[in-house]
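Here TrEMBL flags 1-40, 161-176, 228-239 as compositional bias 'Polar residues'. Residues or ranges marked as compositional bias 'Acidic residues' in TrEMBL: 61-70. Summarising the annotation, TrEMBL assigns compositional bias 'Basic and acidic residues' to 260-273. Per TrEMBL, the feature domain 'SH3' maps to 73-135. Taken from TrEMBL, the feature domain 'PX' covers 286-414. According to TrEMBL, the region 'Disordered' annotation covers 1-81, 139-187, 228-279.
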Amino acid sequence: MATLPRSSGKSTLLNRPNTQDFDSGVNSSTAWTESNNPSVSLLRPRKYLSESDLRQNGSLSDDELDDGPEDETHSRSARALYGFQGKAEFRELDVEAGDEISVLKEDVGEGWSLVKNANGEIGLLPQTYYTFTSEFSPAPDLEIDNSPNGKQYPKRKEATNDSVTPRGSPRNSQAPSSPPLIPQNTGEWTAAFPSFRHSLLGGKSLNRFSAFVTSGAEEFVLKGSPTDSTALDAATSNPPEQPLSGHTKEDSSDSFDEDEQRKQSRLEADRHFVSSGPSWKEKVPPFRILVHSPSKRSSMFSGAYTVYSVTSFFHAPQSEGDEDDLVDPEDPIASVTVQRRFSHFVILHTALTRRLPGIALPPLPEKQYAGRFSDDFVEARRGDLERYINKVIRHPVARYAEMLTFFLSCESDSEWKRQVPEHLSMPPAGPSFYARVYHPAYNLDKDDAANAIDLFDNHTKAVGTGVQNLRGIFSKIREARIDMSRAERLLSYSFLSLITGKPLASSSSSSSTEPADVHATTSIAKGLVNEAGAWCWRENCEDCLKLTKAIQKTSETLQNVADLYDDHARRTQLSTHESMKTMAHPAAIYEGIISTHRSTLSRFNEAVYGTYPDDDVANRCETVLNITMAEMDTYHNQKFEDFQKLVTEHLDGEIQVYEQILTRLYLARRNFDSPEFDELGSSPGKSSIYERELANPKLTPSPLTQPCPHVYDSTPMRPVSVAVQEGVNMLLSSAGRGSVFSKFWH
């Protein structure tokens with residue numbers, strides 16, 4: 001299987017030597033090199049030339065004199081790339097796309113050329129509107145592979161310890177008398193055309209909004225980065241001591257040391273390493289964060305807002321042979337607590353997005369404008385922020401980002417206000433992020449990289465669809481727990497109504513027995529309950545008293561079971577339901593990684609197997625592919641941890657609630673066996689605390705709290721009539737302005 005090449009030095013494939021006897025081969029074709037770097041402006045401003053100027057100076061430009069009219073024998077064949085409507089007063093030539101022309105003088109000033117069309121007319125044409133159609137014959141000692149594979153995949157240059165020279169381009173010392181290349185005209189003008197992307201956009205992608213472009217990966221692949229990695233290494237390493245000459249001022253201020261230390265720390269934080277796999281190399285051990293204790297505060301300038309306590313817990317690293325029972329791995333060795341509001345999380349997310357464009361960051365929860373101080377929303381927002389920040393620190397690269405360290409450790413409000421503008425004013429990393437990623441040579445296989453992206457794309461889409469279905473089913477599961485709670489409560493009321501003779505208001509069978517129930521409430525002499533409160537028409541019936549009290553205890557136990565179901569659905573299962581958002585929409589989150597990977601693969605194939613190979617571009621593509629493959633590996637690890645934690649927490653919650661239910665049911669069942677059953681007849685019966693609820697049973701639970709929507713969740717469409725009716729109701733309601741906004745931001 002082919003392995004991505006990574007030569008030790010820069011490629012000289014597209015560099016033309018200064019010596020005249022150098023055989024440049026097919027790679028120095030002017031049809032490519034001159035049309036691959038078009039001017040930013042296709043039509044530069046030109047000056048008006050009079051006939052007198054032409055006769056007087058013999059020049060088409062009034063800026064400089066020409067050497068005289070070019071001899072037509074020295075003209076070069078070309079083809080028009082685009083149609084051009086010239087103006088006669090400017091001596092411009094009309095051409096159509098594809099017309100054959102002869103370039104008499106390539107540069108007559110200000111981006112214009114003197115050309116002649118097939119009819120013999122001579123005039124001016126912009127240099128970027130045509131391309132030369134000359135091709136070159138191969139050098140005599142050029143190695144050509146005529147095999148089918150050789151034609152499809154040309155041979156790559158072999159890396160050596162010396163400078164790399166393309167095959168078919170011998171050194172001057174070896175072939176000083178190489179014959180010159182002979183230009184040959186071809187009738188196929190389309191073969192001489194570079195692609196539209198190369199001719200017009202300089203090799204750039206047409207989609208300027210793709211992640212491949214916006215992240216800086218395209219600029220890095222095509223041009224590299226203005227931040228040289230060697231310069232970065234020199235800046236981070238200790239420079240050699242330089243002797244002091246003359247009178248120098250020694251700076252020993254603390255502020256200088258702090259600034260220098262901060263600079264060195266920033267340079268180190270911007271360096272990232274990819275190990276074999278490819279996978280990110282962890283520079284900082286994992287830790288965990290707890291967002292807790294929300295409190296409402298107010299400011300004269302910003303109004304009311306909520307502040308959250310953010311505590312970072314750091315644990316001692318555990319070695320494989322460490323068997324010290326005195327050290328609890330769950331017990332942190334250090335912790336730091338800071339106060340942060342939602343706007344501070346926005347600042348963190350903005351800075352991380354700008355400085356780490358090549359990684360997939362989790363989306364930040366959306367801002368809320370109404371109802372943001374309600375207890376339910378504050379708790380939901382606290383959970384969302386905790387899941388967000390823990391997702392960020394689980395990424396091996398984002399974990400040691402300078403802004404994240406500052407966010408988690410700055411305890412001073414004044415220091416926060418002083419340094420935040422500095423972090424926000426830092427320019428986006430862009431291509432410099434990719435330039436500061438270091439990886440081993442030959443760290444991935446091209447075929448594996450091509451296959452992995454399709455599999456990864458399909459997998460993330462399937463996982464996203466499955467998680468959405470799981471979230472919908474889990475919502476029904478929680479509703480079923482509420483229905484189960486209501487059923488257990490209804491059964492409890494039915495047992496009480498049975499042994500007391502009091503009617504149940506919402507019982508479906510009460511309508512048929514309503515006359516008897518009314519008489520039973522007015523008098524207990526009808527034989528429903530005796531004087532001791534036993535469910536019997538006989539007085540002093542000890543067996544019926546024991547049975548009545550055992551059934552009463554069973555009814556109370558069922559009320560407890562109903563409370564357990566209700567609390568389980570509203571608290572434990574709500575937390576599990578909320579945690580599913582961590583795994584939702586992976587295809588949308590990693591869309592930028594997927595598009596960048598595919599675009600880089602396309603550029604790599606062009607740089608390796610295309611008409612104009614370029615080792616430098618291929619090597620930079622390899623760096624980007626190492627990053628995207630490392631991101632896929634990060635998702636794999638996080639997906640394993642997330643779903644393992646999700647299922648185990650769900651099972652633990654189910655086991656816990658059912659163990660509590662079983663414990664209570666066992667106790668209720670024990671009341672029907674000796675000696676507990678015998679002890680029930682030792683005292684008269686007492687009314688249950690739930691008897692008062694028979695007239696107004698609590699069978700209508702409050703609405704079940706649903707998780708806050710994910711950022712990428714689609715909002716269901718409502719019928720127009722419903723939306724209009726709700727708008728009219730809001731305008732006509734007397735609840736005030738707040739209710740209107742609460743509708744909009746629900």
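Positions of Cβ are set from backbone N, Cα and C atoms, glycine also.
DSSP assignment over the compositional bias 'Basic and acidic residues' (260-273) gives 10 helix, 2 strand, 2 coil. DSSP labels the residues of the domain 'PX' (286-414) in these numbers: 46 helix, 32 strand, 51 coil.
As a summary of secondary structure, the domain 'SH3' (73-135) carries 8 helix, 34 strand, 21 coil according to DSSP.
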